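Annotated features in TrEMBL:
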type	residues	note
DISULFID	C39-C52	disulfide bond
DISULFID	C73-C81	disulfide bond
DISULFID	C76-C84	disulfide bond
Amino acid sequence: QDGDLKFPLESVKKLKELMDGNRHINPRMMVSMASYSPCQEKHLPEEFRLVCKREDAPMIFRRLSLAAEDDLCEICANAACAGCF
């Protein structure tokens, strides 16, 4: 979830894979996460297409990608969650 937008966890994981896979295309030409947008990716899950039309899309994608980090408990990645510890 990002604000009032909600997405399935599996779609967010796919988004993270796309973003991580395209960040280091060439070691000399690293793409900044702040400037990269997965909107041109043909494998972008359909539920993110509406986000692409927003001006704040790069920020939304970045926050969603951070929420899908491997080292976070999937339950506790949700700010409303309590009690994982």
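Cβ atoms are placed via backbone N, Cα and C, with glycine included.
Counted within 10 Å of its Cβ, the other Cβ atoms near C52 (disulfide bond) come to 16, all protein chains included. Around the Cβ of C39 (disulfide bond), the number of neighbouring Cβ atoms within 10 Å comes to 14.
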